[in-house]
Structure formats: C-alpha cells, structure tokens
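Copied over from TrEMBL, here are the features:
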type	residues	note
DOMAIN	41-379	domain 'FMN hydroxy acid dehydrogenase'
BINDING	Tyr67, Tyr176, Arg211, His272, Arg275	glyoxylate binding site
BINDING	122-124, Ser151, Gln174, Thr202, Lys248, Ser270, 306-310, 329-330	FMN binding site
ACT_SITE	His272	active site, proton acceptor
Amino acid sequence: MRTQILASALMTGAMAARPYLNSPDTGIELVLGDLPATQLPELDEIMGLPDFDWAAEHYLPDKNYTYYRNGAGGEYSYRNNLEAFHRYRFVPRVLAGVSELKSTLATTMLGHNISAPFFISPCARAEYGSAQAEYGLVKGAAEGEIIYIPSHYAYLTIEQIHAAKAEGQVVFQQLYLTSNDTVTQQEIDRSEKAGADALVFTVDSAAGSIRHRAGRYGVGSANSAFSTFTWDYYKKLQKKTSLPIILKGIGSVADAKLAVKYGAPAIILSNHGGRQLDDSPSSLEVALEIYQEAPEIFKKIEVYADGGVRYGGDVLKLLALGVKAVGLGRPFMFANVYGTEGVVKAIEILKNEIAVDAGNLGVADLKKITASFVNWKPNNWFA
C-alpha cells in the first residue's frame, strides 16, 4: 500500500511538473538566444520545422506572431494536436531493403501529382510574416512541387495569387461562404476564372471562436458569423461549379460518413489548428477512429489531415492509417518569414525527415505503409 501511495505521489508530481508545450525544444534558444530581435537566424541554422517557430517568435512583432500562434480557449486542442502523435509508438522493422524509398514519396491529390505527401494548408494574413505575403507561399510550393491552398482571407487577392503560379502549378482555393447565393456564386466564379484546381470549403468555423491570446492584440478570428449551412447546402453548392469541393474541418467518424454520403471527393480532418473549438480532437485521433470504426472511408474518398504536424514521423503515423496527404499551416507561415527561400527550406526539411524516418521504420515503399507499423495502444507518455 505504501509503495502504491509513493508511486501515485511521484506520478502526480511528474505530471504537475511537465511544462505546457508551446513547441518542441530543438536547442536553438541555447545557441541563438542572444541574437538581436531585429535579426533573423541564418537559414543554415534552421534544423527542423520548430526552429521556424522560434525564429518567427524572436523576430516578428508580438501581434503578428500571436495571430499565427494563438489557439482557442485554454489552447488545450493546440497542445493536444502536438502531443497526440507521441502517444503512439512506432513498430520498426529491420532488414527491409529501403534503398529506393525516396523514389516513392510522390503521390497525388485528386489526380494531381505532388512530390511528397503533404501540402500547405490555408492560413490568413501571410503579410504578418513577410512582405512577400502569399507570394512566398505560392512560389515556394511551386519550387517544392507541392499543393498550396491559399486562404480566403489572404492579403493578396485570388487573382494575384493565381497569377503568380508557375506553369502547370496546381493550387486549390479555400472559401468561406455566406448565405447570400449571389455572393457565393461570385466567389466560386472568381476562383474558377483565376485557375483554381479545386475548392476547399471550410466547415469547422460555424460560430467564430474564443481566442484570448489573440484578443489582447485585436487579431482574433477573421470569420465571426454564425453559420446557416447544412449538408443539404453542400449538395446545392456542388451544383454551382464543376470543380471538386473538398470539405475541410471534419472532426468525427459520423461526419466523415456523411461526407461520403453527400458526394465529397475528399475531406480534410482538422480542428482548425486548435483555433475554433477547444477540446476538439486532433486529426490523428479522428483518423484512428475512422480506421477502427469505418475504414472503408479511406477507400471511398481521399482523406487528408492537418494540425500539429512538425516532424516526418507525424506524417508517417497519419499515412499509416490511410490518410493520403498531410497539411501544415503554422510551420509554413513561420517559414514564410524568410519568404520563398524559407518555404522551400521547410519543404526540403519535411521531405528529408519523412524519408529518413520511413527508412528507419523499415518502410521500403511509402505507398505501402500500413497501420501495423504503429502500436495504436496509447503509451503512458501523456499519462
């Protein structure tokens, strides 16, 4: 009994001592902590995606950084997005012959070729990070041969962003819509005319959000209206365009099933980066529930996911469940502080990590990764 009490006390103390996780510690603060606030680290100093976060926080005005970094409520969903990946341990295999692995990173999204299984998720106000604004993102995506989804609330216009595309570049377009059918049709027509290859209808922001951190700087949610949309509206929306309409913000198995029922070509599992409903599940948790309860969904439509992805290993865990491609928002916004060069560096970092981690996991062909490469019983790291 005494041993149990002691163990309980030690566990309680350990849990209480674990700090609130803002971003992983890469050691950059120790090496570059004395860097003047007016100076960005050299790109060569950036070792991983979390370093871009550190550089942005160090360099940007508090208001600008806070807009990107903030989350809803107590920011527990923000934290959970990061931590959820580490509740599940890999099951590495050896002697797997992984010499050709890098050649298997390429995949497709709705039939469009991309060089690796990830994309740039929509994030507003790119000008807060760089004078290049969305130009840095669209040009970086072109060089890295991945898909970029510009935000409906981008600083640059839809026309400006799509005019900056490289020849043959694939760009989807995010839309926030209103109940005004005339305005909705105008927005769709603009996207089509500009050359969008697909539309991304964000559905997880039905009522604005509570963002205390951002509210202090007057940079809360860009969309605060209460939604009137229903699944029947989505069906009607599909008739307004020949473009595929991806649903972004699916957070349950039930809604994933409805997306299939209502003809969605693809969905993005997402909780808006933890910026809308605090205590909403991470995309990894939802993907796992779909895999366990309705795995056929991964065969019927394309499933993407975003939120909390910072490492190649995070991408692998989502792919193992059946996710086709993984989105990143904040990391690319922080990388865009360096403009196009930063975005390209972020793409290169993630490609390399995916390949190295997959190789060490024993995955010879990324397209053949399965759930068996992960132990889906939660470990005690998160307690």
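Cβ from N, Cα, C; glycine included.
This view paints the features noted in TrEMBL onto the structure.
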{"residue": "Pro122", "record": "FMN binding site", "contacts (Cβ under 8 Å, 6+ apart)": "Ile149, Pro150, Ser151, His152, Gln174, Val200, Thr202, Lys248, Gly329"}
{"residue": "His272", "record": "glyoxylate binding site", "contacts (Cβ under 8 Å, 6+ apart)": "Ala72, Thr202, Asp204, Ser205, Ser209, Gly249, Gly307"}
{"residue": "Asp306", "record": "FMN binding site", "contacts (Cβ under 8 Å, 6+ apart)": "Ser121, Ile268, Leu269, Ser270, Gly273, Ser283, Val326, Gly327, Leu328, Gly329"}
{"residue": "Gly308", "record": "FMN binding site", "contacts (Cβ under 8 Å, 6+ apart)": "Tyr78, Asn80, Asn81, Leu82, Glu83, Ala84, Phe85, Gly274, Ser282, Ser283, Leu284, Asp314"}
{"residue": "Arg330", "record": "FMN binding site", "contacts (Cβ under 8 Å, 6+ apart)": "Asp53, Tyr68, Arg69, Cys123, Gly273"}
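Arg275 (glyoxylate binding site) and Ala124 (FMN binding site) have their C-alpha atoms 13 Å apart, to the nearest angstrom.
For Ala124 (FMN binding site), the nearest neighbour among the listed binding-site residues (Tyr67, Tyr176, Arg211), judged by C-alpha distance, is Tyr67.
Between the CA atoms of Arg211 (glyoxylate binding site) and Arg310 (FMN binding site) there is a gap of 22 Å, rounded to the nearest whole number.
In this view, Arg310 (FMN binding site) is surrounded by 23 other Cβ atoms within 10 Å of its Cβ, with every protein chain counted. In the three-state DSSP scheme, Tyr176 (glyoxylate binding site) falls into the coil class.
Counting only the Cα atoms, the space from Tyr176 (glyoxylate binding site) to Arg310 (FMN binding site) is about 26 angstrom. On a Cα basis, Arg310 (FMN binding site) lies 19 Å away from Tyr67 (glyoxylate binding site).
Following the DSSP three-state reduction, the secondary structure of Arg275 (glyoxylate binding site) is coil.
The full span of the recorded glyoxylate binding residues, Tyr67, Tyr176, Arg211, His272, Arg275, taken as their largest Cα to Cα distance, is 19 Å. In this structure, Ala124 (FMN binding site) belongs to neither helix nor strand by DSSP; it is coil.
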